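Visitor: Before I ask anything, let me first share the structure, which is written out below as structure tokens.
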């Protein structure tokens, strides 16, 4: 009797796992933003910061990402930008917001002679306003548009 129940429940289990599984490994836009742009604990002060972080945050897999910015502020402060000054995004969309104050950021630029898989970055630290695109519910950053 136990075996019959197990055999009857197996197709149901397969069906449920088939529906749930595809979403398990999928990184949301908000999670991708955090992985690619947030470093609340860091300062970016080391000359090798960008080389280390770009690799650690998986932005040198398959190719070298040419430019990236890390924000060294609490996540809540960056999320709050989504309720600050509304501006037009570089792509013309209207879901971008500019921070009301300058934030501590690190820009990483791929050096001209650098070739994959040896991605070599120039590290530059700034205090600048950031512009982020926001989406979702809750309304959170999903794209780093610029720093000004």
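Here the Cβ of each residue, glycine as well, is placed from N, Cα and C on the backbone.
Here Swiss-Prot flags 37 as active site, proton acceptor, drawing on similarity to another entry. Taken from Swiss-Prot, the feature active site, proton donor applies to 143, supported by similarity to another entry. Annotation comment: Swiss-Prot describes 32, 35, 65, 66, 67, 68, 69, 90 as substrate binding site. Swiss-Prot lists 50-108, 64-119, 82-134, 89-96 with the feature disulfide bond, giving similarity to another entry as the kind of evidence. Annotation source Swiss-Prot lists signal peptide at 1-25.
Have a look at these and tell me how they're positioned relative to everything else.
Guide: The Cβ of residue 37 (active site, proton acceptor) lies under 8 Å from the Cβ of 68, 69, 70, 71, 78, 141, 144, each on the same chain and at least six residues away in sequence. In the three-state DSSP scheme, residue 37 (active site, proton acceptor) is classed as helix.
According to its DSSP assignment, residue 143 (active site, proton donor) is in a strand.
Counted within 10 Å of its Cβ, the other Cβ atoms near residue 69 (substrate binding site) come to 20, all protein chains included.
In sequence order, 49, 50, 53, 54, 67, 68, 69, 70, 121, 122, 123, 124 constitute the residues six or more apart from residue 108 (disulfide bond) in its chain with CB-CB distances below 8 Å.
For residue 64 (disulfide bond), the same-chain residues 6+ apart in sequence whose C-beta sits under 8 angstroms from its C-beta are 54, 110, 114, 115, 116, 119.
Sequence-distant neighbours of residue 82 (disulfide bond) (same chain, 6+ residues apart, CB-CB distance under 8 A): 97, 132, 134, 139, 140, 141.
Listed in sequence order, the residues of the same chain lying 6 or more apart from residue 96 (disulfide bond) and placing their CB within less than 8 Å of its CB are 86, 87, 88, 89, 131, 132, 133, 134, 145. Annotation note: residue 96 (disulfide bond) sits in a strand segment as assigned by DSSP.
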Visitor: Closest to residue 143 (active site, proton donor): which of the binding-site residues 32, 35, 65, 66, 90, going by Cα position?
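Guide: Comparing Cα positions, the closest of these binding-site residues turns out to be 32.
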Visitor: Specify the count of other C-beta atoms within 10 Å of the C-beta of residue 134 (disulfide bond).
Guide: 21
Visitor: Return the count of C-beta atoms lying within 10 angstroms of the C-beta of residue 67 (substrate binding site), excluding that atom itself.
Guide: 10
Visitor: In terms of DSSP three-state secondary structure, what is the assignment for residue 119 (disulfide bond)?
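Guide: Looking at the DSSP assignment, residue 119 (disulfide bond) belongs to neither helix nor strand, so coil.
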Visitor: Go through 32, 35, 65, 90, 143, our recorded positions, and report the one whose Cβ sees the most other Cβ atoms within 10 Å.
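Guide: Its Cβ has the most other Cβ atoms within 10 Å: 143.
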